[in-house]
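Report on the structure given below.
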Ligand SMILES: [Zn+2]
């Protein structure tokens, strides 16, 4: 590295110092939050009606374990990233990719072929180094706190499938993008941006029908009270609902959720089976014996034969599910979805424009060990990931703040639909089922929470109306 000029050195160390600054800042925030987990041993009086002391203690221990895990995995990935930069891992991997490309000699576009090999190796490396961490998180932490529903075999098969599907999308998309940048001329950044816009629209369209079913089982919600009530609620706000699905989230974990997706006049709602009290397999006791009814009483649901069944009934009643959906559809009705898409596309355009301004600067490449060549893929990586990182941090903070505003607005929307008391109890149940900890450090929650703290949401639901 001795021959490097000062500008290159400044760029390199600025990137490194910034990355560590963010790391230390987040470690400090996590430390503040951990202090709260340690110190808040009893349910605060204002939460007495919301959480029983047993659930409170469970949630405290769960969050504490997760936070400690986050500390070690965060430290590891920061150290790994730093070592890769200091030891010249990126130019090394680029060289190896070049050797492999020359040996197998595929494709007329040498640099693009080399880029694809590089991308494959880089994603393989990150998948392999990440694997022990996600194994530990799933089979030690989630398992210990009663969330994990997967076997190691299912997990590994899933990871393999995910890797294969990612490659099938990433490699053709990247090669087309590199080709567009190469032949696009002066205004290549406009074409590149349009291309990523089209790709993301296609992905959103095919994801639910062709990609998500590779991983999870989606079944249409059977006819019944819940279905007809959801349909009439959708109709009342002109939500163009075409289908309602239940996804077998219980195969993975007992965390619960609901969402909608789709374009224009073709919207679908997806409910996790774990969200639905009557539907969740986790509420069904023991093995399936003939004569055992589908229903279980809330009490006496303990099963000794199957330890993975939790001993408390989980999920929401139908009116509560409708209130949760009222909140979700509020996001649509209030234009939150469109606003988020517009923001992310404006951001993507800005990034491609700045990329076009910066890509010709050789010192950026030299700073990261590319002295002779300036491969486009490496340029994308350096500029989007390293050079933009202060901007990315700022943007992600602003989006978190915005997201919390949207959550309050969606809650108010459900309230205006007359579903505030059901939403109130649903929020409490969901927090309990997911073992959310209801006390947060203000700085930690301001930085990380995409949803407002439980108590603030409950207060807003019962307090004076905002508009
Ligand atoms: Zn929401």
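Glycine residues also receive a Cβ, built from the backbone N, Cα and C atoms like all the rest.
In TrEMBL, annotation is done automatically, which means it is predicted and not curated.
Taking Cβ pairs closer than 8 Å, the transmembrane segment (12-31) reaches residues 67, 70-71, 74-75, 78, 81-82, 85-86, 367-368, 386-387, 389-390, 393, 441, 443-444, 447-448 in its own chain, all 6 or more past its ends. Look at TrEMBL and you will find 12-31 (among others) tagged as transmembrane segment.
Annotation source TrEMBL lists domain 'CAAX prenyl protease 1 N-terminal' at 33-217. Confidence across the domain 'CAAX prenyl protease 1 N-terminal' (33-217), taken as the mean pLDDT and rounded to a whole number, stands at 93.
Per TrEMBL, transmembrane segment is recorded for 83-104 (among others). Long-range contacts of the transmembrane segment (83-104) within its own chain (CB-CB distance under 8 A, at least 6 residues past either end) are made by residues 12, 15-16, 110, 113-115, 117-118, 121-122, 125, 368-370, 375, 378, 381.
If you look up TrEMBL, you'll see 116-141 (among others) marked as transmembrane segment.
According to TrEMBL, the transmembrane segment annotation covers 162-181 (among others). For the transmembrane segment (162-181), same-chain residues at least 6 beyond its ends with a Cβ under 8 Å from one of its own Cβ atoms are 109, 111-112, 115-116, 119-120, 123-124, 127, 188, 191-192, 195-196, 199, 203, 211, 214-215, 376-377.
The annotation transmembrane segment is assigned in TrEMBL to 187-208 (among others).
Under the heading region 'Disordered', TrEMBL lists 283-314.
Here TrEMBL flags 328 as active site. If you draw a 10 Å sphere around the CB of residue 328 (active site), it holds 21 other CB atoms from the protein chains shown. DSSP classifies residue 328 (active site) as helix under the three-state reduction.
Residues 4-5, 7-9, 11-12, 15, 85, 88, 90-91, 94, 188-190, 192-193, 196, 378-380, 382-384, 386-388 of the same chain lie 6+ residues outside the transmembrane segment (349-371) yet bring a C-beta within less than 8 angstroms of a C-beta in it. Annotation source TrEMBL lists transmembrane segment at 349-371 (among others).
The transmembrane segment annotation in TrEMBL covers 377-402 (among others).
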In the same chain, residues at least 6 away from the ends of the transmembrane segment (377-402) whose Cβ sits under 8 Å of its Cβ atoms read 11, 15, 18-19, 22, 90, 94, 115, 118-119, 174, 178, 343, 347, 351, 354-355, 358-359, 364-365, 367-368, 370, 446-450
